[in-house]
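Listed in TrEMBL for this protein:
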- 55-194: domain 'Carbohydrate kinase PfkB' (DOMAIN)
- 296-351: domain 'Carbohydrate kinase PfkB' (DOMAIN)
């Protein structure tokens with residue numbers, strides 16, 4: 001899978017924190033039929049997403065144009081996009097019941113965005129629709145030679161402000177939700193998260209230790225690394241402060257030597273309840289996991305747009321259905337790989353009954 005910008009997924013523990021917006025609510029275990037979600041009488045797990053949605057105009061070209069070039073597209077597609085919209089679409093196709101909080105205008109693009117989400121089973125009840133203005137859209141140029149894409153984004157107007165989400169709708173959207181997901185596209189939320197999550201660390205492993213050290217209520221952090229897969233640092237339930245410390249970068253190196261470089265996504269885990277440290281940062285009790293990406297043959301790789309969103313949607317499914325991380329990370333990588341075989345962020349997103357997911 002082609003390299004993608006790193007993204008973060010944070011999960012809080014099940015004990016109720018002080019902020020009701022950032023929580024995973026405790027519910028009885030939910031049983032989901034793996035072969036056919038519709039065959040189970042149990043309610044689908046509910047996930048609430050808040051963030052950006054848009055319309056994507058995707059054009060595949062033989063190679064990215066030089067300045068002042070005039071070229072023809074090889075393929076054109078128009079479909080819904082946006083990080084939270086893509087992730088919730090992936091979650092819906094896998095068998096969850098997603099709800100979305102975002103904003104569109106009452107224009108042709110906005111109406112199509114809502115129709116597409118609804119067709120995939122995403123609940124748009126809590127969407128804000130502006131009577132005037134314009135909905136967000138993005139031009140995406142997909143280079144058929146390098147398998148990269150270039151995005152030109154036009155934000156929607158007027159932007160969403162917190163006052164547009166009524167208290168009644170906020171509480172209703174959270175009612176019964178198992179997981180709440182933010183793509184931090186909404187500026188006010190993004191600023192708060194950026195100030196808390198910024199570490200200035202010299203490497204990804206050190207940054208993960210820094211985040212869990214600074215944010216003691218965070219249960220785990222996952223960072224996606226494009227074609228290099230992903231890395232997850234999970235906090236232990238028991239304190240290992242008396243154990244001998246191991247440097248996180250040395251731990252990563254030791255795990256990388258065990259990685260199977262086959263085309264199938266895999267996961268390598270350290271021992272549980274280690275005392276993992278980063279020089280000058282501190283230490284936490286937990287374990288480190290490395291997940292590999294699917295190695296997609298060049299002739300099958302079409303477009304990496306939305307690969308990270310697909311991964312997050314699958315992680316949401318894994319969290320709601322109780323998948324252990326050793327199973328969840330390869331599952332999410334497989335879902336992301338499926339999405340890379342079609343043009344656009346949503347065309348290739350698999351349903352739970354897809355044979356490629358049968359092993360999970």
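The backbone N, Cα and C atoms fix where each Cβ goes, and this holds for glycine too.
Note: TrEMBL annotation is automatic and uncurated.
Model, not experiment: these values are computed from the prediction.
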Structural state census, the domain 'Carbohydrate kinase PfkB' (55-194) (DSSP three-state): 43 helix, 46 strand, 51 coil
DSSP residue counts for the domain 'Carbohydrate kinase PfkB' (296-351), split into helix, strand and coil: 29 helix, 0 strand, 27 coil
